[in-house]
There are 4 protein chains.
Amino acid sequence: IMEFEESGIGEECGVFGCVAAGEWPTQLEVAQVLTLGLVALQHRGQESAGIVTSDGASTPTYTSHKGMGLVSSAFPPEALLKLRYGNLGICHTRYSTTGFSELQNCQPFVVDTLHGKIAVAHNGELVNSRALRKKVMRHGVGLSTGSDSELITQLLALTPPMEELDTPDWVARIKNLMTETPTSYSLLVMFKDVIYAVRDPYGNRPLSIGRVVPISKLHSTGAGEEDTEGWVVSSESCSFQSIGAKYYREVLPGEIVQISKHGVQSLSVVPRPEGDLPAFCIFEYVYFARPDSIFEGQMVYTVRQRCGRQLAIEAPTDVDVVSTVPESATPAALGYAQQSGLPYMEVLCKNRYVGRTFIQPNTRLRQLGVAKKFGVLTDNFAGKRVVLIDDSIVRGNTISPIIKLLREAGATEVHIRVASPPIKFPCYMGINIPTKEELIANKPQFKDIAGYIGADSVKYLTVEGLVSAVQEGIASVQEKEDNMSSNKVGHCTACLTGKYPVELEW
Amino acid sequence: IMEFEESGIGEECGVFGCVAAGEWPTQLEVAQVLTLGLVALQHRGQESAGIVTSDGASTPTYTSHKGMGLVSSAFPPEALLKLRYGNLGICHTRYSTTGFSELQNCQPFVVDTLHGKIAVAHNGELVNSRALRKKVMRHGVGLSTGSDSELITQLLALTPPMEELDTPDWVARIKNLMTETPTSYSLLVMFKDVIYAVRDPYGNRPLSIGRVVPISKLHSTGAGEEDTEGWVVSSESCSFQSIGAKYYREVLPGEIVQISKHGVQSLSVVPRPEGDLPAFCIFEYVYFARPDSIFEGQMVYTVRQRCGRQLAIEAPTDVDVVSTVPESATPAALGYAQQSGLPYMEVLCKNRYVGRTFIQPNTRLRQLGVAKKFGVLTDNFAGKRVVLIDDSIVRGNTISPIIKLLREAGATEVHIRVASPPIKFPCYMGINIPTKEELIANKPQFKDIAGYIGADSVKYLTVEGLVSAVQEGIASVQEKEDNMSSNKVGHCTACLTGKYPVELEW
Amino acid sequence: IMEFEESGIGEECGVFGCVAAGEWPTQLEVAQVLTLGLVALQHRGQESAGIVTSDGASTPTYTSHKGMGLVSSAFPPEALLKLRYGNLGICHTRYSTTGFSELQNCQPFVVDTLHGKIAVAHNGELVNSRALRKKVMRHGVGLSTGSDSELITQLLALTPPMEELDTPDWVARIKNLMTETPTSYSLLVMFKDVIYAVRDPYGNRPLSIGRVVPISKLHSTGAGEEDTEGWVVSSESCSFQSIGAKYYREVLPGEIVQISKHGVQSLSVVPRPEGDLPAFCIFEYVYFARPDSIFEGQMVYTVRQRCGRQLAIEAPTDVDVVSTVPESATPAALGYAQQSGLPYMEVLCKNRYVGRTFIQPNTRLRQLGVAKKFGVLTDNFAGKRVVLIDDSIVRGNTISPIIKLLREAGATEVHIRVASPPIKFPCYMGINIPTKEELIANKPQFKDIAGYIGADSVKYLTVEGLVSAVQEGIASVQEKEDNMSSNKVGHCTACLTGKYPVELEW
Amino acid sequence: IMEFEESGIGEECGVFGCVAAGEWPTQLEVAQVLTLGLVALQHRGQESAGIVTSDGASTPTYTSHKGMGLVSSAFPPEALLKLRYGNLGICHTRYSTTGFSELQNCQPFVVDTLHGKIAVAHNGELVNSRALRKKVMRHGVGLSTGSDSELITQLLALTPPMEELDTPDWVARIKNLMTETPTSYSLLVMFKDVIYAVRDPYGNRPLSIGRVVPISKLHSTGAGEEDTEGWVVSSESCSFQSIGAKYYREVLPGEIVQISKHGVQSLSVVPRPEGDLPAFCIFEYVYFARPDSIFEGQMVYTVRQRCGRQLAIEAPTDVDVVSTVPESATPAALGYAQQSGLPYMEVLCKNRYVGRTFIQPNTRLRQLGVAKKFGVLTDNFAGKRVVLIDDSIVRGNTISPIIKLLREAGATEVHIRVASPPIKFPCYMGINIPTKEELIANKPQFKDIAGYIGADSVKYLTVEGLVSAVQEGIASVQEKEDNMSSNKVGHCTACLTGKYPVELEW
């Protein structure tokens, strides 16, 4: 269970872009596609949202709107109205790690340069942002926000040489940027009529491309290239279906891809230092991504199910019922049940309306805690022994009241199995993790975690088990598909092992 | 699938009340309990919400707040602040059937009478409201809203004789009201320091009582009567857990129960006409209620699971995978899987953030329809035959695009099994059902429903199957518990059969 | 100075109605006329506003909107949109005397009766409302608000006999109402296609009728009866100009006037008890009304100027400059200057943006008080002796810091002359006056009021002086106009003299 | 009459700053002083408002809040709460000339530089902003807004040499800036614990300094230097009184003044090119400034009154009554009356509630135009000849309906006298003036302006008359005060004469 409000673990953001294909203006309503794309990525950030569209003219008109909160409240009808004339655009949804949650920090960031306006949307966190900020400011640039996105934008603006040409060489500038900062970033850079989609050399954050097809041909398998209505690029492929696009491919680690109305073109792949493996964040699989997203050729749901199976092998239990903490742990629970042969039953149901009710603190209701979020399906487990599968335990304060609820309702035993290893280290690459001291795995009580949270037993998936459950699927994909086989496989497990993909320069 | 926005089927409302026990003021924060109670009943109405609290003094001070929308937006912090001095209170959440969605129509309704203020919260719909309105107006009363709640309140105010006594006989007045209108209503009437909880003689709408216990004793089984911190009364028992209360009992059909700080007392049971059975709405089991609520001694989730088992017996399929349209059909799907021995797999995941985004109509995105609400878990069913369990099909326009999604993603066959019979008739007792013409079961296409919605086959649960799945559990409960055995068993199946529990006076 | 926020003196409300003339629908946009009418009466109440329109059909559709705050915030564009199909309507702006400032209490009040819906807007306060409430409730009517408007509406609904006829006799009912309660009320009652405009027998609150003329003929004097586009009725005639109407006549004390598309018709004049004079509120002249309104044939501005002249006669000063506390006292100050022959100069200018800034209390800025509202025009009075004319002094805490400001800026003497007598008694007829204890005139310090507020001298207009300044103009009007000469002249001076026009039944 | 909505003439903005004196934290609540300061300058910009405070520490914490609309809506209580820990701060209120009215463009602008954050608030408009933008961007700086304030901030940040010292030489940088751009700007630059107050060498925009004194000593003349609680700096001195400060002195053209807790210190005076006179905007006197502000030693009200006297000399009339278009023309009207010996009377009263009511266009009510804003005081002028004094006529479409109103109400003649010369040229220094084509003075109809607007005669003040009315007072001040006598006198009359103080580089 890693509900945002309980554990404080959160993704920083999601990025999304869209370019209408063919002659402009086309029938594809870019502003609507962008909005739906944002909604589909809302799980990656609920704090603010922003869209910038361009008409793609040689002297382009950019239109932007940003707002606090969910997309639904940040984008009232009048905002969509003013964005509607775009032929391409990029957008961003944000979950702040820094505590500065002001409209000013919202992305995409737009600046006017000698060559015209550029817009940048960024998912990730620059490991050397302090040094970069100083460098930029020493050049005489004032930075108006603390966001990496503004920093990237100004770096792109000032990269020497300051050519005063008709067509500035943005690709050279992006490459230059990539030599300044190794990770982590998935970037969308919009300039006039082009979106550059960029993934850092370690591929730490995801980025996928999709092809928009006519609705009429969506449900037929034979929609050919000639039917392309536009291109989308997104942190996660789950957003493609919701706007009627088909999965096309991932942006590769280090790759710069140009997306325009003329199609998708790979411009360059910036290499990692000799010997370094890719370092795609393994927690995207474990927790952050939506289960229907595809990374490295495999569906996230399937990986989670495989984690559950692996967990059943590593940490079996003698119980009557396997169940889940809804909803994120359900694939792992079903995997555990399948592997173990134990019956799967639901023991908790969620009250989907429990959100921000303005109950004052210091009351009995606060003591009830998580109880008000879950209904207990007593008859399914009263008098039985239960193993509850969770996807991760961060602070340990959420699972504890759930165990109490189950016992009170008649469970004779409650065992906890966690489908990921304990989190022990901070992330400096875009994930908001509590301080080391707050992590249950670093507390003295972790020695007797079962006693601490009130379970009959607690066991975690091993790091090796997790890595093999993740990489097993990639191997089978690579056998099938040639074009990915050249890519080495590797994942960032820093928060579990303390081994960071690059040296930290803080 | 009966998503509100798609099908237009909706409960009218939920009622909730709370009385702090012992000497007043107690530690129990009534306004907070009421708010949490409303949130737990939010699935019964999202249009508006209202709370009225009383300090319970002999010349009582009533405080009220009403607001449009979800509880979370209708009750900002300052609203809770002004309500906090209550020792008892009632509240209401509303889903309008009439189209008048103005603050003025929000319940609870409060009026000043010769004897002081009374407050009324009502779930249900008076079958003879037109005649009653005329009767009241002929007496010279102007009605300021079209709500049944105001009508009931004025009926209670004017019931003769207009005794000018210190203590008016509200029980006599409530009985009088019950002779004027047979059904349907579950009522809470607050007067000074007492809440009267009333259920119509047919017991058409639910109403349950719970006991608030100290948090410290919540998880111990030994909390005795002497530990009672207060009483709550609610449309559904699912709300009890979320505020730290334990299920006590249902209000019986026709019963008037008095709830005060001195406890719970049954004052009277008004009988039905000779020969009439109770008529508890069977759709509360099928769709409306939360799965963790208890009616007639049985958990709703269990009844739904039993419906799924019965459906597997009545309408088996030769497929590879059993699945569900999340989330409401999941218990039936699991029941179907258990009975049939077929494997249960998830094929769809919900995007919980898709709500009210202000996308203009007439676009490709609208054509996408339901696709933007569900992610498809392709790997779980590609190349397989799927049976999808749904809880009901009202208009038939929601299931159709889902079937397309599954086929497009590789399902070789898609069969639909519906865990309830076809809805054919309107409800006049509190449920918002589309007009007869809009119901798929009354359309010519129903003859070839499979072809119409694009499924390989479609089958429904029979009315007999549903009734037996519901009543089977009650029988077993009645064997165990003496106090309910005197109650005859009966359910309203009017929307399925056209047999209404009382003659309709429209 | 009687700024609302400082002194707490305030009018209760303003009423306004409009009927489009000729065949319906006409070109006259009734909803817009009503809104502008409300804005023109905004000085009579800023707490809430409401409009009810009717299409005037035999089975009429009423549309209503109410909102808190100024008309501009209470009536957003979508509210005006929903009201636009009205052929007639009434509206109301409110300043609460009771402290219940909830939307529920907003007028107009609409109720459904045996004969259809009626809507009522009321300016005034029923002197016997307690007894009337009890009477209504004894009949079995529950009252949902504490407003006199609801009470009046229910009285009209229940008035026996409860004829079940096609056309109920509303005039008989209104007359009946007028026998139940002597004062104070100016009422608009809308039923289907008619507005009844009613003034209580004492004429305590104002009510005037205007004729809407085509814009093209507005500035020509020759617009005849045949050019009438509609009729308006308003608490004050100042609203007529802002919607392009011409003053027609006042509703007389005790008169019931019917306004419909067929024109204006006097139906009845209910007499006062033998010997009683009319009792039009004299404070409408002194302070409440807008200076461009006409009462009893004379312009309010002129009466105020006459008060200033009278004050110069009664209380001359030996100073260099006459000035005003802007803006309400300016006519009196100019009158004083004209009569005395002293030069008139501005010494203060208002900061029109000082309104509701959310400065927390207990600060130096609060101590500054009125200073932040006024700029001082030093050069106009530095080194001079000033007499400052104020229209009334209620609590005495507003004028005091102004005097300090002037002295600090160099005034050598500051004398205060008040163009009305001291307020000493509460009003029970619709004006919100501080409690007796709070009135400066009832405090011990009043003996040395000059010392208390820091002035060199303070003098008030006498009651006789005020009455003569008011009535002098009426006399000259009556000489000219025959139709008013039958009316006796009389004014309510209760707040100054304690002589109430009717016996108080509290 | 130059109502914003009618004529489109508007000031761009107002700036205000405050530093608490003595040891920090002091009792002086800087955030509240800033807010009140903004309110007092609200007439200079109603579109947005922003405040930035600093705790003044060596590593300072800056807190900022910006909002759209009036100060009262842009600064809700929670905004003031978050600002309350400041020991100094600057703020800004804005009226956009560019059409970009987004939060992002709001001032003050804050950027992080190598030496820490600086905040800038700017009133004026850089005549060479295009060239400066290009220069900054060529250096590699991306500009995120179109505002001059960001441009100034980045210019200050990049000014070479990029000394990496503990204490950067901001004064050198400000001087550098002043060599880059001659006019027009009044600037506040906050860095850590200091505010630099800067006025361009031409002194085109105003800037004054005030001294905050204890409330207890405010009304005594003897508050000495030792009683200083803080310092304020403001576009207009009218703001001083509203926060309890005393006028101290003006910032001189070209002067850089440092304001800190240690007091006020003049650091430098940057000279104009040889032979150039100062060019303080003469329209600050005519229209923009509040009448109680002091510029160049004289009160604005007095200057306006003098314009009225001069107008009476230049353009006398043979009428019965002198009156004003309230409120801004009143001082001129009183001056005209005094000089001419004619009686002054009010003929119009303003409805202060007419603001943004959401009436749809294309209706009779729109035709009514200005009529709904003014009430007519008929009795004061019916049957008489009136001369109406206006402060300026820009488009001529506002005065015309007023003349109609007066004639309709009985004025036998209506003459117009305008207390300023016709506006004929655009302003590039911070004032929003309609395009040349829209100005009535440039239209063919201007030849017969009286006929065009429906007046009996129209006359304007001459440029010479205006200049002499303005400068006459300065001369008398300079005689008295030595410290100003060194200053040459000169005013910008570009909008009247087309003679701009510097060459325009557009």
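Every residue, even glycine, has its Cβ placed from backbone N, Cα and C.
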Of B:S328, B:S340, B:S457, residue recorded by TrEMBL at the Mg(2+) site of B:D390, B:D391: B:S328
Which of B:C106, B:C238, B:C281 belongs with B:C427, B:C492, B:C495 in the [4Fe-4S] cluster site listed by TrEMBL: B:C281
From recorded positions B:C13, B:S328, B:D391, the one whose Cα lies nearest B:C427 ([4Fe-4S] cluster binding site): B:C13
Secondary structure of B:C492 ([4Fe-4S] cluster binding site) (DSSP, helix/strand/coil): strand
Conformational class of B:D391 (Mg(2+) binding site) under the three-state DSSP mapping: coil
Residues within 8 Å of the B:C281, B:C427, B:C492, B:C495 Cβ centre (excluding the [4Fe-4S] cluster site residues themselves): B:N204, B:I282, B:F283, B:M429, B:G430, B:I431, B:T493, B:A494
Nearest-integer angstrom distance between the alpha carbons (Cα) of B:C281 ([4Fe-4S] cluster binding site) and B:C13 (active site, nucleophile): 14
In the chain carrying B:C13 (active site, nucleophile), residues 6 or more apart in sequence that have Cβ under 8 angstroms from it: B:R44, B:G45, B:H92, B:T93, B:R94, B:Y95, B:Q107, B:H122, B:N123, B:S235, B:G430
The one of B:C281, B:C427, B:C492, B:C495 whose CB sees the fewest other CB atoms within 10 Å, among these binding-site residues: B:C427
DSSP-derived structure type at B:S328 (Mg(2+) binding site), helix or strand or else coil: coil
Rounded inter-Cα distance in Å - B:C492 ([4Fe-4S] cluster binding site), B:D391 (Mg(2+) binding site): 18
Arithmetic mean of per-residue pLDDT over the domain 'Glutamine amidotransferase type-2' (B:13-262): 87
Where B:C427 ([4Fe-4S] cluster binding site) sits in the secondary structure, as DSSP reduces it to three classes: coil
